[in-house]
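Okay, structure first, notes after.
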Amino acid sequence: MAELSEQVQNLSINDNNENGYVPPHLRGKPRSARNNSSNYNNNNGGYNGGRGGGSFFSNNRRGGYGNGGFFGGNNGGSRSNGRSGGRWIDGKHVPAPRNEKAEIALFGVPEDPNFQSSGINFDNYDDIPVDASGKDVPEPITEFTSPPLDGLLLENIKLARFTKPTPVQKYSVPIVANGRDLMACAQTGSGKTGGFLFPVLSESFKTGPSPQPESQGSFYQRKAYPTAVIMAPTRELATQIFDEAKKFTYRSWVKACVVYGGSPIGNQLREIERGCDLLVATPGRLNDLLERGKISLANVKYLVLDEADRMLDMGFEPQIRHIVEDCDMTPVGERQTLMFSATFPADIQHLARDFLSDYIFLSVGRVGSTSENITQKVLYVENQDKKSALLDLLSASTDGLTLIFVETKRMADQLTDFLIMQNFRATAIHGDRTQSERERALAAFRSGAATLLVATAVAARGLDIPNVTHVINYDLPSDVDDYVHRIGRTGRAGNTGLATAFFNSENSNIVKGLHEILTEANQEVPSFLKDAMMSAPGSRSNSRRGGFGRNNNRDYRKAGGASAGGWGSSRSRDNSFRGGSGWGSDSKSSGWGNSGGSNNSSWW
């Protein structure tokens, strides 16, 4: 990665920062050799998927090992996760035998790059500051052990090649084990998914399912009674969480399902009718299934809101409140509620009062900021020179995957077609592509069949794609928080990454925030950005939550917020964070409206 950063530095794209970008044909030197792929076929799809054409990536239905199953009833004191899962018999967890083929499908092999678990800088997380506030904060764990974790979960964690807990996992495991609610802010890429899956599954493996009410109708009218419900703002993130859940529920009695809009509801209904113990869902589709009477929340022990600030920013608050407050959800105090996100400004914390009880507030790392594992470069490039500058960047990069962000769906298609014509293996993901096309594009990118992914905001938030070594902001966003989330797609789980941004006079609204981000992360600030900042109007960075300042990760109860007072322990080592941002919308499957989001409709 250091070599790639040096190559970018030596590209002569900014020989003189004040003069801006110098096109290759004016530099007095030949164009760099480009990455060729003679096996690429641009007919009927290829790596780009043809925007509706054929593709060699099959659209397999989600599910995989352990999701076949029968309807999970409470028959004779036993519970089974289908033919391939474990069983809960007379108060005891009986794991299924190990299956070599299933383990390869779920966990890969050690040298498989698609199953990246940790990077060369993972030990650096030991030095990340942590602030845990609330009553009687449990001591954090320092390693994966039993107790407090269940033995079967430990085996699955070992299969996934996780060797040590991240800071958020060190705290979340004992917090959940002690029956407490949790609001957690953690640096992007720092293991938030494991932060809620590990403790929730561990406790579920120990305590088993709740008894289900007797069926009120025929088999096809039965409801699913999940023990855990995880809500996420987008179908891509929901699918990603589900894929992780399949790994860690391996051989257990817990059957995981995922539901989201944009895909036929029939397949999802059939999976749910076979039994569902852990449900991952987007708010719109979950509301739809509740209205259809296919799901009951009466047995929910664990409610998880992932990217909670984003869901509220996207206008999902009415849906979430309906799910939590108006349906048959287990009430506050009788369930455990966990809220996870990269940012939690004060207004979201105030809303959390309605969903959490006696919770512990956890801030890990420089939340809402950029990882120091990411080397950031800002280049001055006029719009007409961007394609040429991009080719130079790509020619300097030979290893890993590159994620390129643009602002519009039209530009995503145009740039992808341009890159394909230059013999790069590129694909695109944006809102006009169908769900199956998006899944095929992501599968191609994850596997390395396509080394370039051109994306609108779809891939900007929450997705964990291994081996992304370079993020290029071809078009800078208007909000600095979106910039942070975009570049957070690299440098994840302790790995190093490079982020390059094309900047010009049209990006004046992000000048101050970008300067602040670079300075905060000890990155080089180019002179043209300093000059632009001096001339930019106003004094506050453009952030949709800028009104709450830079310290929005703080527990508002410490600052005299509602319910403040009487809060004892605090393991504080740092404070200084930023707010979130929002865009997108959920599925059209529900009658619930969308009130938030940005002008970019790329989610759909």
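Cβ from N, Cα, C; glycine included.
The compositional bias 'Polar residues' feature in Swiss-Prot is assigned to 1-19.
As annotated by Swiss-Prot, dimethylated arginine applies to R62, with the evidence given as similarity to another entry.
Looking just at the motif 'Q motif' (142-170), the mean pLDDT is 91. Under the heading motif 'Q motif', Swiss-Prot lists 142-170.
Residues annotated as domain 'Helicase ATP-binding' in Swiss-Prot, with sequence analysis given as evidence: 173-362.
According to Swiss-Prot, the ATP binding site annotation covers A186, Q187, T188, G189, S190, G191, K192, T193.
Residues or ranges marked as motif 'DEAD box' by Swiss-Prot: 306-309.
Listed by sequence, the residues of this chain that lie at least six past the ends of the motif 'Q motif' (142-170) yet keep a Cβ under 8 A from its Cβ atoms are 86, 93, 95, 103, 106-107, 110, 115, 117-118, 122, 125, 128, 130, 177, 184, 186, 190-192, 194-195, 198, 201-203, 205-206, 247-252, 362, 364-365, 493. Counting every protein chain shown, the number of other Cβ atoms lying within 10 Å of the Cβ of T193 (ATP binding site) is 24. Every protein chain shown contributes to the tally, and the Cβ of S190 (ATP binding site) ends up with 24 other Cβ atoms within 10 Å.
Helix, strand and coil counts from DSSP across the motif 'DEAD box' (306-309) read 2 helix, 1 strand, 1 coil.
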